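Report on the following structure.
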Amino acid sequence: MGLVTFLYCLYLVTPILLLVVGSFGTSWTNSLLPSGMTFDWYLEVAGDSSFQRAFLTSLQVVVATCVINVLLGVPFAYAVFSAANRGIRLAARIFTLLPVAVPELVLGFGFIIVFSSNYTPWLGTTWLLVCAHVVLTLPYLVGTLLGDMDRLGIAGMERVAETLGAGFWQRFRDIVIPSLRYSLLSGLMMVTAISIGEFQISNLVAGFLSRTYPVVLLQAFYGATGLACAATVVLIFLALMAACASAAGAHFSHFRQKARP
């Protein structure tokens with residue numbers, strides 16, 4: 001089992017290491033490793049107008065996706081958690097997981113079919129791209145919130161508050177939201193990591209002026225290898241930072257729950 005784990009980790013890490021090495025190489029043609037040493041590729045990525053525009057678009061999409069996830073995910077997760085009927089709770093959870101089960105390529109073609117007609121000519125707009133990212137990421141935030149609601153015993157705290165005269169909005173504001181702040185932060189970091197690196201549906205839905213960083217990154221591989229490697233390393237670094245923040249938030253939330261009397 002240890003050998004299998006080592007080989008699997010090596011399989012995952014090797015391409016990333018090659019990308020890092022390639023991003024510092026002067027040239028990489030018909031050889032196992034690049035030749036030379038340079039930092040110019042990173043400077044070229046930073047100064048490239050297409051990468052700058054794509055990076056800003058990705059940031060806008062990520063921020064909008066996170067905001068909409070909060071506005072939709074928190075009330076939806078609370079409604080599912082509070083539902084008295086177990087069948088309704090199960091159906092809602094299954095419905096939430098459908099975007100995860102359906103391949104992104106299928107979702108992308110669905111968006112193309114629906115939003116490229118004369119009645120809904122919105123294919124290629126930034127807001128439609130944001131909607132596509134919300135569809136992909138909302139299940140992860142809802143799942144994180146539902147798991148924390150079960151562990152924290154929010155239902156019991158709400159019953160106690162209700163016996164003391166607290167209304168629905170007061171319980172939601174003073175109990176539910178504060179209790180979920182760490183899991184909400186962890187879920188949003190996960191949403192950020194997924195949205196930053198999302199390519200398939202972005203490539204199908206985005207227009208020329210709303211291309212995200214991964215979409216522009218694909219075109220870089222048709223040019224200089226070092227430039228493509230450097231741009232990919234930047235994307236991997238951003239996604240890893242968001243993923244680590246999400247894991248840290250989840251760990252802190254679990255530690256806080258264990259520390260409660």
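From the backbone N, Cα and C atoms, a Cβ is placed for every residue, glycine too.
As given in TrEMBL:
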- 55-246: domain 'ABC transmembrane type-1' (DOMAIN)
- 7-28: transmembrane segment (TRANSMEM)
- 59-81: transmembrane segment (TRANSMEM)
- 93-115: transmembrane segment (TRANSMEM)
- 127-147: transmembrane segment (TRANSMEM)
- 180-201: transmembrane segment (TRANSMEM)
- 221-250: transmembrane segment (TRANSMEM)
Statement: Listed stretches 7-28, 59-81, 127-147, 180-201, 221-250 vs the transmembrane segment (93-115), most Cβ pairs under 8 Å: range 127-147
Field: Any contact, the transmembrane segment (59-81) to the transmembrane segment (127-147), with at least 3 Cβ pairs under 8 A
entry: yes
